[in-house]
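J.: I am attaching a structure below and will ask some questions about it afterwards.
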Amino acid sequence: MTIYNFSAGPALLPQDVLREAQRELTDWHGSGMSVMEMSHRGREFMSIHARAEADLRELLQIPDNYRVLFLQGGAHSQFSMVPMNLLRGKTTADYVITGHWGKVAIKEARCYGDMRIAATGEASGFNGIPPQSEWQPNPDAAYLHYVSNETIGGVQFPFIPESGVPLVCDMSSDFLSRPVDVSRFGLIFAGAQKNIGPAGLTLVIVREDLLGQTLPGTPTMFDYKIHADADSMYNTPPTYAIYMAGLVFQWLKDNGGVRGIQMRNEEKAGLLYHTIDSSDGFYRCPVDVECRSRMNVPFRLRTEVLEKRFVDEADMAGLLQLKGHRSVGGVRASIYNAMPFEGVKALVAFMAEFARRHG
């Protein structure tokens with residue numbers, strides 16, 4: 001039986017990447033060492049690190065005036081690092097809240113300043129994104145923060161917001177899933193465990209002119225400039241996670257880049273949403289059509305009892321990790337870059353059969 005893992009994260013990795021890592025596990029390129037054993041300052045790992053950054057820059061066409069940082073601490077650490085580094089003498093910043101992770105981000109940021117909510121989708125139950133014409137930004141804000149894709153609610157921005165201040169985006173769950181104009185952002189960050197690689201690595205892309213103005217008392221490890229000046233080698237980096245991310249970047253390049261993966265993601269999500277919408281109400285997706293996520297697809301059935309049966313039977317059929325987040329319930333299929341089209345086809349076939357038996 002073929003197994004398909006629909007986990008929201010840590011998520012599945014491309015099979016080609018796993019096989020390559022398996023081949024090189026005990027002997028990387030004839031070095032006699034596993035990447036896990038290498039000195040992070042040795043020439044072998046330095047070449048791995050350099051290629052990973054070069055490939056990422058090529059994939060996203062990152063301008064030269066942006067630094068790429070390979071950090072630790074997960075996206076949670078960025079909820080503090082962003083205000084510590086980007087308030088830059090100001091006392092306030094704006095946050096757009098479209099779900100759980102936006103709420104967590106502003107709660108943490110309020111430890112460091114007067115953070116305002118410029119817009120929120122809470123009134124609609126976080127099932128959509130308020131039109132930007134209704135936002136109330138502060139022109140004196142240090143930055144504007146938003147989450148491009150909310151994994152729990154399945155709400156994804158179909159546009160890059162206009163902003164007169166540095167734009168900060170948490171792209172943890174849709175990084176590299178579609179082309180993005182990096183030059184429109186002051187800072188992008190992403191935890192690795194959804195579209196980049198295994199857990200333990202956090203990527204930051206930051207414009208150089210925003211560096212070097214941290215809040216007084218900022219810990220050294222939370223200073224972007226310290227890491228930028230040391231080329232992400234201020235302390236021992238998560239070497240194996242960087243190596244794995246590099247393999248994922250190579251896999252993306254070999255499979256049409258971000259434009260190619262965007263087309264496949266649209267095809268996968270389109271099939272799944274069509275199945276939901278054409279089920280005569282047996283399955284329901286609560287998210288507004290125009291901002292439905294192509295990464296995380298939440299849906300409900302008529303009763304919680306039926307939802308539990310769906311998840312249990314899917315698990316027995318090799319369709320794993322479909323239970324919705326504990327805060328909202330229901331069912332959620334996470335179909336990140338590495339999910340093959342065959343996995344979504346298997347899921348929709350199961351959905352059709354389940355609806356036939358229980359409809």
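Think of each number as a place in line: the chain as shown, counted from 1.
Keep in mind that glycine also has a Cβ here, set from the backbone N, Cα and C atoms.
The annotation L-glutamate binding site is assigned in Swiss-Prot to R41. Annotated pyridoxal 5'-phosphate binding site per Swiss-Prot: W101, T151, D170, Q193, N235, T236, in sequence order. The N6-(pyridoxal phosphate)lysine annotation in Swiss-Prot covers K194 and rests on sequence analysis.
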J.: Could you state the CA-to-CA distance between T151 (pyridoxal 5'-phosphate binding site) and the residue listed as 'N6-(pyridoxal phosphate)lysine' to the nearest Å?
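T.: Spelling it out, the Cα of T151 (pyridoxal 5'-phosphate binding site) and the Cα of the residue listed as 'N6-(pyridoxal phosphate)lysine' are 10 Å apart.
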J.: Say we define neighbours as other CB atoms within 10 Å of the CB. Which of the binding-site residues T151, Q193, N235, T236 has the fewest?
T.: T236
J.: I need the CA-to-CA distance for T236 (pyridoxal 5'-phosphate binding site) versus the residue listed as 'N6-(pyridoxal phosphate)lysine', whole Å please.
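T.: The residue listed as 'N6-(pyridoxal phosphate)lysine' has its Cα 23 Å from the Cα of T236 (pyridoxal 5'-phosphate binding site).
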J.: How would DSSP class K194 (N6-(pyridoxal phosphate)lysine) in three states?
T.: coil
J.: I need the least crowded one of these recorded positions (R41, K194), counting other C-beta atoms within 10 angstroms of each C-beta.
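T.: It is R41 that, of the recorded positions R41, K194, has the fewest other Cβ atoms within 10 Å.
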J.: Inside 10 Å of the Cβ of D170 (pyridoxal 5'-phosphate binding site), count up the other Cβ atoms and send me the figure.
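T.: There are 26 such Cβ atoms around D170 (pyridoxal 5'-phosphate binding site).
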J.: Take the Cβ of W101 (pyridoxal 5'-phosphate binding site) and count every other Cβ within 10 Å, whichever protein chain it belongs to.
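T.: There are 22 of them.
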J.: In whole Å, could you give the widest CA to CA gap in the pyridoxal 5'-phosphate site formed by W101, T151, D170, Q193, N235, T236?
T.: 31
